[in-house]
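Going by TrEMBL, these are the annotated features:
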- CYS102: active site, nucleophile (ACT_SITE)
- HIS189: active site (ACT_SITE)
- GLU191: active site (ACT_SITE)
- SER243, GLY244, GLY245, VAL246, ASP247, SER248, SER249: ATP binding site (BINDING)
- 216-414: domain 'GMPS ATP-PPase' (DOMAIN)
Amino acid sequence: MNTAVIPTEQAPQKVKSYGRLDQQIILILDFGSQYSELIARRIRETQVYSEVISYRTTAEQLRELDPKGIILSGGPSSVYDNYAPHCDPEIWNLGIPILGVCYGMQLMVNQLGGEVLKADRGEYGKSSLYIDDATDLLTNVEDGTTMWMSHGDSVTKMPSGFELLAHTENTPCAAIADHTKKLYGVQFHPEVVHSLGGQALIRNFVYKICGCEATWTTAAFVEEAIREIRAKVGEKRVLLALSGGVDSSTLAFLMYKAIGDRLTCVFIDQGFMRKLEPERLLKLFKEQFHIPVEYVNARDRFLNALNGVTDPEEKRRRIGHEFIREFEETSRRLGHFDYLAQGTLYPDVIESAGTNVDPQTGERVAVKIKSHHNVGGLPKDLRFKLVEPLRKLFKDEVRKVGRAIGLPEEIVQRHPFPGPGLAIRILGEVTAERLNILRDADLIVRQEINQRGLYHDYWQTFAVLLPIKSVGVMGDQRTYAYPIVLRIVQSEDGMTADWARVPYDVLEAISNRIVNEVKGVNRVVYDITSKPPGTIEWE
Ligand code: XMP
């Protein structure tokens, strides 16, 4: 059996906390569950701030961070694996309420002298939870409610001082507690949507057991963020690269509210945006929001940089490179800036220690693949200090903030659009002619979807141009022209996606209009590939 001693060199040097220390916080020790982030989101939905930190954080470090409660996440390991992640055993004596979820519960039981064994039958999927004690954690959780399970090991003997709160058909100890020490364990995952009583349980933990108050609100965030920006930036000037997406627009609004015209927004037009988008963006910011934007027309520069390039990665690389050079030149031209405002979000900064160690071999394994490879990423050698006021927020929280400070719905609810834009939706070489064709076809897709009120039904809707030609016939004339691919997908987060079952009449209208109105296109095809194995974009 593995002893739960943590060599000191394993403890993180400095505990990364992106939260505000004057704010009540629930900390999640991450043991590598794919749901650790989700727990943080669920807690934030109760209007209490929460962050994910490394499971190696020591009891001493936790005491300094002073959370109102601690949650131990699930994880892929068994407590008996050779390299199973263990937490500092001193955390049980901190006097801070702790909730162990799945692996987190098994670890708690194991370290406190109970027994965890491989169950005869694991339990995966939905289970009915039967409540034995509804005093605190399970108050208002309905007897027989559905909870979602995913475990091979089970608790067979509770540590002394613990009592049974609930069981399921296959799991005698599905929820347990030491009420006096405020230590709780649940074998199921209250954070996933399939756990019907899950949010009630989380609220009980946060409010009843940890004694938190609802302080994590959008209004409170905005007020505090503005105060922080002002304190940090002082009288200095800040540069911001605007793309028109929800993150950079929210950032611009927030920064402008905080420091007014000491903010300079730069919009670099690479020439790869959708038809009418650059004009629209400038109009919105200048005329409606009254936030000045420095427009840089760099279309020729980017098109030249892609001359003869057909490889998708090379396209991305060159666009990224040109963006940096252009940004540098513009910032020099506009004078001296001390700060650069960046729209970094919380998922970009979570340092998830549990996810990258194989529990059997102890070897480091690949960490989660980033969903984005943003060309907006700026080089390290730019001599700016960073101001990143959105770094505590999840994407849905950014939307709430954007809405709260007056960003219109059309930006708040905008579909994702890749940094390299249409350049990665033209397969093969990007030329001015192809860009014009794709822009026109893409506009028709959006118009047809929008006018039917279908925009919010889909994750993304767009056109792709293939660099091949096929034969068609139009008004007795033979045509030889490009095909357009329609890509319309549904997705929760862009990591997986399915092709949308768009009504035939909508597909028909889009196809007819594109072939009739866009010169150079004589065929429209619909992409019916899910992700995986396909990706959403074609390059
Ligand atoms: P894929 O094509 O990988 O796309 O299934 C997943 C999501 O990411 C977007 N995407 C990008 N976003 N820069 C971005 O900012 C990029 O280079 C990039 N490539 C893909 C894509 O639109 C989808 O929402």
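Backbone N, Cα and C define each Cβ position, glycine as well.
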Rounded to a whole angstrom, what is the C-alpha distance between ASP247 (ATP binding site) and GLU191 (active site)?
26
Rounded to a whole number, how many Å is the Cα of HIS189 (active site) away from the Cα of VAL246 (ATP binding site)?
31
Quick one: Cα separation, GLY244 (ATP binding site) versus GLU191 (active site), in Å?
33
Taking only the residues in the domain 'GMPS ATP-PPase' (216-414), give me the average pLDDT of this model.
87
Work out how many Å separate GLU191 (active site) and SER249 (ATP binding site) at their Cα atoms, rounded off.
30
In the structure shown, with every protein chain counted, which of the binding-site residues SER243, SER249 has the densest set of Cβ atoms within 10 angstroms of its Cβ?
SER249
Rounded to an integer, what is the Cα-Cα distance in Å between SER248 (ATP binding site) and CYS102 (active site, nucleophile)?
38
List the same-chain residues at least 6 positions away in sequence whose Cβ sits under 8 Å from the Cβ of VAL246 (ATP binding site), in sequence order, or say none.
LYS395, VAL398, ARG399, GLY402, LEU407, ILE411, VAL412, ARG414
Using DSSP, would you call GLY245 (ATP binding site) helix, strand or coil?
coil
Do any residues at least six apart in sequence from CYS102 (active site, nucleophile), in the same chain, have a Cβ closer than 8 Å to its Cβ, and if so which, in order?
SER33, SER73, GLY74, GLY75, SER150, HIS151, VAL186, GLN187, PHE188, HIS189
